[in-house]
Structures are given as C-alpha cells and as structure tokens.
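First up is the structure itself, then whatever we jot down about it.
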Amino acid sequence: MANEGSDPLLQYMISPRLKKPPQLLFPLPEDNEVAIPMPMTPSEFKERLIFGPFSCSPRDSSHFIDSMKQPSPSSSSTAVNNPFSDSSTLDPLLPPPPPQPEPWLSDQTSSHCQGHALHRSKTAPAMAVINDLHHPIRQKDPTETSRSVVRQAFALLVVYLSLGVLIYWLNRDHYVVNQTHPVVDGLYFCIVTMCTIGYGDITPNSVVTKLFSIMFVLVGFGFIDILLSGMVSYVLDLQESYMLDSAKRRDEPEKRRSYIIDVKKGRMRIRLKVALALGVVVLCIAVGVGIMHFIEEIGWLDSFYLSVMSVTTVGYGDRAFKTLPGRLFAAIWLLVSTLAVARAFLYLAEARVDKRNRERAKKVLCETMSVSQFFAADIDNNGCVSKAEYVIYKLKEMEKITDKDILPISKQFDKLDRCSNGKITLLDLLEGGSGD
C-alpha cells in the first residue's frame, strides 16, 4: 500500500472529481497522440465535397458509432471542462473532433477504416451538384426545336406562295399564258419559278411582272434551302429514328442488322440513306408518269419524258401541264420531287465523302510513325509524345480536325486554368463560378 499515493489509476477511482483540468498544451505527435484534427488535404477536401463525410474517416464522426455508443459521465464532464471541445471555435471547413469509440466497437470498425482509399465511380451521382449551383444548364428538347423550325418553314412558305399568287392575280393580264384559273395558274407559276424548272408556258411580258419574277426567283432559292434544312430534314430524321427503333426491337441477328444500322455510331448507314432517297425519286417519277398519262392524256413515252424533265428540274418547255387538274397536281408534285432530288444528291455527295474519309483513316492507322512525324506530333516540345498528342496528330492526318478547331478549345482551357499549371482543378471551377 506504499504505492497507493503514486498510483494514478487508484487515485482516479477514489477521487474522480479531483482530476486536474486538461492541459492547454497538447502532446507532440511523436507520442502517437493528436489532440486536434489535422487539416484536410486537397484530395480529401474534394472527396468530402463530392461524397460528403465518410463514416470511417478519422476526420469525421461515425454515425454508426454514435448510435451504438452510450454517453458516459466521464466523457461528458471532460467535454464540459475542455475549453477546446466546442466545434464552433474551429474552422467551419474542418470537421468536429471524432469521438472515442468503445473498445468493443473499435475492433469492428478498424478493419473498415484501415487502408481507406475511395475513388468516385463514374456512374455514381454526386451528393453536391456543384456545377448546377454555379452554372445552371437549361437543356432544350431537340424535338421541340425541330418542330419549331418546321412550323416556321411552313408559315414562310404559305406567306411566300400567297404573296406570289396575289401579285399574279392582280397582273394576270400581263402574262402570256393558256389560262385555266387565276389562282391555280398563279400557284403553278410560283412553284415552277421557285423550283427553277421554267417550262415557259407562263411568261411575263411587262416591266412589273418581269421585276416580280426576278425577285421571286432570288427569294425562292432561300426558301428551297429553308425547306431542305427544316421540313425535309425533320421528316427524314423521324423516318430514321423509326427505322432504328424497329430494327432494334426485332429479334434479328446482329450481322443482318449491321447492314442497316451502324452500331458504333448509332445511325443508319449512308448507303441505306442513298437507296431510300433514290427510291423516293423513282416513286415521284412513277407517280408523275401515271398522272400525266391519265389527266393530261399524253402517251406513255411522253409522260415518262415530261416526268423525268420535271423531277430533274430541266424543263425544256416543249411539254408542260395545260389542264387545271394537271397544274393543281404539279403545284404539289413538283415541290416534293424537287426536294427529294436535292436530298438524294446531298446523300450521294455524303456517301462519297464518307468513303474517302474511311479510306484515309485506314491508311493513316496502318502506317508507322517516322522521325519527322514524331517531331510534328510533339506539341509541347518535351522530347516525348503523349497519348493525347498522338491522338490529336492522327486526327489531323485524317483531316477530321484542324488547328482552327483546336485553337478555341485551347483558349477555353486557358480561361479555366487559373493557375496556369496545365490542369483544371475543382478549386478553379469553384473560383470561376464565384467570379462569374
């Protein structure tokens, strides 16, 4: 019992209220004790912003331990007497000091906390959507945009044709024409002029009508472009999406579907687009042959001749529509067939360009890198070519991108890279958002 006075454990059990207040100076780290939480590193700060507080992190409190642990009188009295126990005195970015778990809980949680190295999954949603707070993105539905373009194109076409018919009706005596009905003749004249066919069966013979025809032709080119880029593209996109959905739903072999769908790009193959466009042109010619033979009462050969000359916008003028039903049909048929032919030529040009690009890409990927190509690919002139530099150089050789395409992207990167260290960090984005 001689050592009873010097035994600290026995003294604490006999008189716990006589315990000395905690020291204001904390033990050094070499004693394997840390009294205050260490400041977070940038990587831990980034993980905390994205994932939130980790349950097993030594800097954050464990919800599991807090729910299982019962508060003890000694710990509560220590928290009251400790002047540094108030978390409000700490930096708001630093988490509160972690509570000490019970011994029977420390063994179970140590295995989970040991070797903590979490990485954000690419498919995991962020707990704090930082980008939406500073840069809210308003996504527009592409379908609504396409529909608005179609409505605008249709409205402009109606205004264009209505104005043309009105001017023709007011000046119908100044045209050389085999008249049927003023409105039908005016609509027929407007369509033939806009589609640049020019049969020659209706011609102006005064100064006013000639000036009107000049203006009408020049404005008609713009309307053809609007119709091609608006209404026709919208209809063809709907057709393409419908065919893609139908091909995906069917239980067909992958090899058979690959002839229709480009699986890698998720679109119809260009050869199928060309075939469909040419099929529409052939259908327009066939419909024109039948209507001309039965309505205009001309022979099969002359019907086929006039149909081809009309669809291809040649229009020699030796044959034309003379009856009222024929001109009313031609007002619709010529517009549709002209747009179909124009789209077919666009698809043919796209097919040739696509074939040339595929051949060039195959040639570029098969050749090895020479010394001159190595120095050309070394963008930063550091004596080695990184993967990004190699990809950029190969894309340039394939003529998919140019320096003009890369320059605005580099300028945008320099704006985001506020530290000018060649990297964009989360702190740069936050500072950029607060600065904006």
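Don't overthink the numbers, they just go from 1 along the chain as shown.
Each residue, glycine too, has its Cβ placed from N, Cα and C.
What Swiss-Prot lists as compositional bias 'Pro residues' is 93-102.
Under the heading transmembrane segment, Swiss-Prot lists 149-169 (among others), citing sequence analysis as support. For the transmembrane segment (149-169), the list of distant contacts is 175, 182-183, 185-187, 189-191, 193-194, 212, 216, 219-220, 223, 226-227, 229-231, 234: same-chain residues at least six beyond its ends, Cβ to Cβ under 8 Å.
Per Swiss-Prot, intramembrane segment is recorded for 185-204 (among others).
Within the same chain, residues 149-150, 152-154, 156-157, 160, 164, 167, 171, 190, 193-196, 204, 338-339, 342-343, 346 sit at least 6 positions outside the transmembrane segment (212-232) and bring their C-beta atoms closer than 8 Å to a C-beta of that stretch. Per Swiss-Prot, transmembrane segment is recorded for 212-232 (among others).
The transmembrane segment annotation in Swiss-Prot covers 275-295 (among others), and the record cites sequence analysis as its basis.
Same-chain residues lying 6+ beyond the ends of the intramembrane segment (302-321) with a Cβ under 8 Å from its Cβ atoms: 188, 192, 195-201, 281, 284-285, 288-290, 292-293, 296, 327, 329-330, 333-334, 337-338, 340-341. Marked as intramembrane segment by Swiss-Prot on the basis of sequence analysis: 302-321 (among others).
Within its own chain, the transmembrane segment (328-348) has Cβ neighbours under 8 Å at 184, 187-188, 191-192, 194-195, 197, 224, 227-228, 232, 236, 270, 273-274, 277-278, 280-281, 284-285, 287-288, 291, 295, 310-313, 321, counting only residues six or more beyond its boundaries. Here Swiss-Prot flags 328-348 (among others) as transmembrane segment.
The annotation domain 'EF-hand 1' is assigned in Swiss-Prot to 365-400. On the 0 to 100 pLDDT scale, the domain 'EF-hand 1' (365-400) averages 89 in this prediction.
What Swiss-Prot lists as Ca(2+) 1 binding site is Asp378, Asp380, Asn382, Cys384, Glu389. When other Cβ atoms within 10 Å of the Cβ of Asp378 (Ca(2+) 1 binding site) are tallied across all protein chains shown, the result is 16.
Taken from Swiss-Prot, the feature domain 'EF-hand 2' covers 404-436. Across the domain 'EF-hand 2' (404-436), DSSP classifies residues as 23 helix, 0 strand, 10 coil.
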Handout entry: Residues of the parent chain within Cβ reach of the intramembrane segment (185-204), under 8 Å, 6 or more residues beyond its termini
Key = 160-161, 164-169, 172, 174-179, 210, 212-213, 216-217, 220, 223-224, 310, 313-315, 317, 319-322, 327-328, 330-331, 334-335, 338
Practice task
Please classify the secondary structure at Glu389 (Ca(2+) 1 binding site) using three-state DSSP.
Solution key: helix
Practice task
Please name the residue among the binding-site residues Asp380, Asn382, Cys384, Glu389 whose C-beta has the most neighbouring C-beta atoms within 10 angstroms.
Solution key: Glu389
Handout entry: Other residues, Cβ within 8 Å of Asp378, Asp380, Asn382, Cys384, Glu389 Cβ centroid (Ca(2+) 1 site)
Key = Ala377, Ile379, Asn381, Gly383, Val385, Ser386
Handout entry: Helix-strand-coil residue split for the domain 'EF-hand 1' (365-400), DSSP-based
Key = 20 helix, 0 strand, 16 coil
